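Asker: Take a look at this one; I'll ask things after.
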Amino acid sequence: MKLIVNGEPHAPAPDLATLVEQLGLAGTAVATALNGRFVPVAARAATPLAEGDRVEVLAPMQGG
Amino acid sequence: MNPLELYGRRFHSRLLLGTANFPSPERMTAAVHAAQAQILTVSLRRTAVGGEAFWDQVRGLGTQVLPNTAGCHGVREAVTTAQMARELFGTRWIKLEVIADDDTLCPDVVGLVEAARVLVAEGFEVFPYTTDDLGVAARLLDAGCRVLMPLAAPIGSARGLSHPCGLRALRAHFPDVPLIVDAGLGLPSHAAAVMELGYDAVLLNTAVAQAGDPEAMARAFAQAVSAGRTAYLADPIAPRDMAAPSTPVLGMAVLA
């Protein structure tokens, strides 16, 4: 089961909170979306991941 | 001078500054101070080294942040980005960009109105990046936007006021709506011209960030914004086609 995380293939994870932890980003300022839908921090643990899911993990960035 | 009021918050500075494309974080901080900016635009992107440090830096400046949806081309994409920004930056403010075309970066005004409606319903305070089109402006206000941000010229173009008549008409049509010119300014004189039209504020990024000396340019823009605002409040005279002597004609000697 492969995930697509920020456009790159990624090893499976049972849920979004675990994935963020695997990425070393637990507790950091990141926001997540699953298949184009926003998933709040509080809902990550209850958001299971399935094969082919597209996850976006976004961080603060400079902007105009 | 009366403060700028945006969604119930008051600011003495009428210069909003973007945070992108500065030569270094230190020079960005210097420019923010020189501009006396109280509102900074920010963005969110795929996790990269430096995101956390940047956010710490911005928080350290103690300004209001205005996250954007830069680069979004569709309603759903913009709405999702706004939702992520609200959680990440802890603000209901969103600078809503729905881009129609990558060459001009002009707004997709149909998508913009639709996205604004969705976001207002979700409790966002929307700053739509729009054109000077009066009909679109009316629809954005109808959707619940309480601020409008028309472009002066394409983003990053530094061309200044490409259609001053349109900006003037928008100001005249919506006298009580805060109007902020966003995008396309290159010189302090452009910012002064915008403020002389009665605009409430200007938003800059590239013109300051990419200047040889961003700090000095930020200071120059702040002075121009202040000068333009003062001039607007001072009620400028109307232009005329023919000369009007400023020195009295009455009492002129006959020497010829």
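Cβ atoms here come from the backbone N, Cα and C positions, even for glycine.
Remember, predicted model here, so these are calculated numbers, not experimental data.
Sequence annotations record features per position, and here TrEMBL assigns active site, schiff-base intermediate with DXP to B:K95. Under the heading 1-deoxy-D-xylulose 5-phosphate binding site, TrEMBL lists B:G156, B:A183, B:G184, B:N205, B:T206. What TrEMBL lists as domain 'Thiazole synthase ThiG' is B:6-248.
How about a rundown of where these features are and what they're close to?
Answerer: With a cut-off of 8 Å between CB atoms and residues at least 6 apart in sequence, the same chain places B:T41, B:L66, B:P67, B:N68, B:T69, B:F127, B:Y129, B:M149, B:D182 near B:K95 (active site, schiff-base intermediate with DXP), listed in sequence order.
In the three-state DSSP scheme, B:G184 (1-deoxy-D-xylulose 5-phosphate binding site) is classed as coil. The Cβ of B:G184 (1-deoxy-D-xylulose 5-phosphate binding site) lies under 8 Å from the Cβ of B:L151, B:A152, B:A153, B:P154, B:I155, B:G156, B:S157, B:A158, B:R159, B:G160, B:L161, B:S162, B:H190, each of which sits 6+ residues away along the same chain.
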Asker: What number of additional C-beta atoms lies within 10 angstroms of the C-beta atom of B:N205 (1-deoxy-D-xylulose 5-phosphate binding site)?
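Answerer: Result for B:N205 (1-deoxy-D-xylulose 5-phosphate binding site): 24 other Cβ atoms within 10 Å.
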Asker: For the binding-site residues B:G184, B:N205, B:T206, return the ones with C-beta distance to chain A below 8 angstroms, or 'none'.
Answerer: B:N205, B:T206
